[in-house]
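Colleague: Below: one structure in structure tokens.
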């Protein structure tokens, strides 16, 4: 059989050489193995007769046919002599032109051109069996038709809808509708498993369906339209196709053998087959190839083929240019590398330059030499070992980079380098007072720290935790402390931190390992005694990488941080001189072991007069200058600031107050610009709002030297006596509440901006703009009227008040008592209301509403029990609690409430209802009560006192255990209040219901 194949190849050398390449177009362009497999598989007779291209290598078509017949006879004779292949040889085979009905085979990817092989896979076993049977019956032909896409779909997009069934699942008419009418009569040359190898013969057109499964159709054989072989246009087009194919051959050697065969024997080829060849070997879209297959006009077919091969040539050139560019880049890099290596070698021989390792070692030794006297011995030993190791490593190894980075960190740290501290208490007092108003507890603690350092001659690291609500200046005061002590400042936030490695560092074995935050801090500040601010320590996270709070235990323990061990450095670091300042909003969220290591300084927030001072002297001035407004152009009166504080900004801090003042001045700036004002800039600085300053809201109350109007304050520290006198001068502001009418100071006659003048809607209309432009032209030389903001027009700038009056009753009715509560925004008043729901013998009960927590519900139950006992003692004949169902309610039902401090207030409310007596006017109370009537201490004394003053309360009842907390308050907070400290509820009873019994008053 191999001899037969060789004989056929000798007769048709070009046909056997080019045929495998045609099949390669359809699949992965490597079908030679399949064809050779077919030759070895016993299909020599059929393959030998049909494995050829559609043009002969002899002179004419008749001679080619005679030569082909001889080759077929030789192959057949050889096959008959072979016993293994005798069953596959059929003496008489149906001629192609006699095939009028064929089995339709769908081609999903590309059409089959006459003269080309194509392997396909048939999954339908019934169809495969029919093909095998036809071969046995000497009908080795089938129709190959390209599958067309469904109507309305983009052929370039693959869909996965239900209607887009697999072509193997379609039968009968459904399959016929998906096939192109024009296809190719294909000879089945080989069937191996589910693989069928087809050889294209001639064009077909479907006329009708004969059988549904397998799909069998009647066909008409199509012939090319007559054409003149000597037509110059056809010749020129064919020559252009051949020339383009040669260009493709130059750009890509993929089809080298097949293109060379065609171009060398172009006189032996007819034009239609040349067009088919060009389309078949191109990588064009399957629908463009189908157009070539359907075209029967030879000239048009050549034109279509020329377009396809031109595109193929452009793609080949593009591929060639890309490959050339990559090759040039690679060769250039190699050449550059070689020259650099040669240059290094020459410089090294001449002694002009050392290698990288020597230069690195010299740099590291130079760094550590300056710190050698202060650097610990164990650190010097590690550095020497690593330098020796560095010399032994290759520069290209990964371990070299790890060692280099490790040495870089070791040598850059400030071993034994401390900044000179300033132990001047008066200097520190001045700086703290300049930067912050109030916060006396924090300032006093810092001054104590400085005083101890002055007496000892040195200072030790401390761990201070500033706790308080947002916006009170916790973060910014850390920077002020560093400035007062002349220490470097470093801040990092641990809010949401869940990875221990952020604090302790990564092991050096990990790729991209880095030291922890403390080592990075020391490198950044360059000293070993900085002030480190650990922000949001109450918001530490916890994840799979460990517990950062536990990692901070070593860092914040004065007994352990002397030898703090970072995982990356793996050498002890002395952090005992570092002053740690932590900030937190809620200390209850800090783990107890960590909380035990810190000294807590609570910042309760600012009272009204402190906010007034900050707003008037700090925020208002800074914001006005930041907006480019001059003092003579706008003014915010004290009455407006007071209304702003009490009706818009009741939170403990001043961040929201700062935002509201900025809002006012932005609107004033817009008004002035619309009036034609254009201030010349006084300094080369961009106008930004105060909230965009680097320190954010916490720095809003920071008083800078350049913004102080009084020169005397720039050179003198404010002493405690001065502070007290200044606070006393502002006591009149505290006596004014939201409920009272606030009368602003008499404003100048320049003019107060009215509501109509402020209407931005009117200003934004075209008529308003024209009016302003006209007014500007008429009064260009006139002075712009001063904008004055007071309580009457404040709402035009900041909107309606956020907070309403907390005091609901001027005189509380029967069953209603005012209590005092603590919230995250500071203190507030809280009314307790009780009423009788039902009355009858033995119907005594208690109903509670107001979204109360479990602790508060228990307090109400205790209050009900204690109230019954007290009523029985005071009025034995009164059976109110035994026969009445009481409903207790706490207003603001949408707000969750909890805590035990309302116990005494609940008892008083129930007793007021039971006795039918209202409590004393302007009375507020707070305190936890026990079943025996004892009053236990509560928290938030300062906040609750401020809330009572804000609601014009004159008499307050506190537990006796809180007397010390109250005594520590500033005099201006306590002034004007009648405060009673009680141990038992009987004392409260006497106060609330105007008994003659008097308790200790402040």
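Here the Cβ of each residue, glycine as well, is placed from N, Cα and C on the backbone.
Owing to the predicted nature of the structure, the values given are computational and were not obtained by experimental measurement.
Feature table excerpt (Swiss-Prot):
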DOMAIN    102-313  domain 'Lon N-terminal'
BINDING   468, 469, 470, 471, 472, 473, 474, 475  ATP binding site
DOMAIN    811-995  domain 'Lon proteolytic'
ACT_SITE  901  active site
ACT_SITE  944  active site
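For each feature listed, report its degree of burial, its nearest neighbours and the pertinent distances within the displayed model.
Modeller: Neighbour count (other Cβ atoms within 10 Å of the Cβ, all protein chains): 22 for residue 468 (ATP binding site).
In the predicted model, the domain 'Lon proteolytic' (811-995) has a mean pLDDT of 89.
Neighbour list (residue 901 (active site), Cβ cut-off 8 Å, at least 6 residues apart, same chain): 819, 820, 821, 822, 926, 927, 928, 938, 939. According to DSSP, residue 901 (active site) sits in a coil region rather than a helix or strand.
Around the Cβ of residue 944 (active site), a 10 Å sphere holds 28 further Cβ atoms from the protein chains shown. According to its DSSP assignment, residue 944 (active site) is helical.
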Colleague: Taking just the CA atoms, what is the gap between residue 473 (ATP binding site) and residue 944 (active site) in Å?
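Modeller: It is 21 Å, counting Cα to Cα.
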Colleague: Can you give me the Cα-Cα distance between residue 471 (ATP binding site) and residue 944 (active site) in Å, rounded to a whole number?
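Modeller: Just about 19 Å between their Cα atoms.
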Colleague: Reported as an integer number of Å, what is the Cα distance between residue 472 (ATP binding site) and residue 944 (active site)?
Modeller: 17
Colleague: In whole Å, note down how far the CA of residue 944 (active site) lies from the CA of residue 475 (ATP binding site).
Modeller: 25
Colleague: For residue 473 (ATP binding site), which of the three DSSP-derived states applies: helix, strand, or coil?
Modeller: coil
Colleague: Would you kindly give the Cα-Cα distance separating residue 469 (ATP binding site) and residue 944 (active site), rounded to the nearest Å?
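Modeller: The Cα atom of residue 944 (active site) is 15 Å away from the Cα atom of residue 469 (ATP binding site).
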Colleague: If you count the C-beta atoms lying within 10 Å of each candidate's C-beta, which of the binding-site residues 469, 471, 474 ends up with the smallest number?
Modeller: 469
